[in-house]
């Protein structure tokens, strides 16, 4: 009697902040589990996204962007989370942006050179490159930097060549039993995903000052008798001025954030959601390792 073979492996998606790692993960999975915004440092935790197709299960780790600035405790922890993801995977997808190459890209590359896993280079946002003639010389420059498994120009936003990345991943998955049931798309809890959705809306609707200074704690997440979820979210900021910014004029901003977050939650959880949001000042949380631990920033290191 023949036993069907199965293939399974872990793939880290790495790169400097804001190159499109989370957008690529969402496209590879065919749905949204990692939060995205135009602001750098949107991803603060390692998100595991799972894509199962027949005998093949690819388990993607979406890391925080690696960067050289480590002044605050939260930045140091994010770098640690990203670095530790590189060490224990079968494959790495290194995401860079168009024809840009920065010291942070160089730093990520140096970390990858130290590792053993083969690396696919995904050159993202190629649709945004104004001077198309610059693209080929830049790809040749990148090819000279390391012995990449493959170099694929992509647009994570439009999906251009994302199927090529998925095919390369599938080809390099080792023979192994699947780690997760086939209907799983993430190993994160609904409570965690609710906090990430609220944080994404905060990033999307607030000014450039806020990304580092805001986080979300889910204080209550219960099923109700109507088959839906009652969720209470606490938004923590560092200063009184930021609290006013989050609430907005006559509460307009927090209302918009709540409406948009609720829509995404209902789509993700496939159930009606009753969401209530509060804002609280907790000064210095991003510098305080104990506070970060209590907010879940250290549990996956």
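Cβ atoms here come from the backbone N, Cα and C positions, even for glycine.
According to Swiss-Prot, the GTP binding site annotation covers 15-22, 62-66, 124-127, on the basis of sequence analysis.
Taken from Swiss-Prot, the feature domain 'Era-type G' applies to 7-175, supported by sequence analysis.
Summarising the annotation, Swiss-Prot assigns domain 'KH type-2' to 206-283 and lists sequence analysis as the type of evidence.
Residues or ranges marked as region 'G1' in Swiss-Prot: 15-22.
Residues annotated as region 'G2' in Swiss-Prot, with sequence analysis given as evidence: 41-45.
Residues or ranges marked as region 'G3' in Swiss-Prot: 62-65. Across the residues of the region 'G3' (62-65), the predicted structure has a mean pLDDT of 64.
Summarised by DSSP class, the composition of the region 'G4' (124-127) is 2 helix, 1 strand, 1 coil. Residues or ranges marked as region 'G4' in Swiss-Prot (evidence: sequence analysis): 124-127.
Residue 18 (GTP binding site): 19 other CB atoms within 10 A of its CB, across all protein chains. Residues in the region 'G1' (15-22) partition by DSSP class (helix H, G, I; strand E, B; coil) as 2 helix, 0 strand, 6 coil. Per-class residue totals from DSSP over the domain 'KH type-2' (206-283), listed helix then strand then coil: 32 helix, 28 strand, 18 coil.
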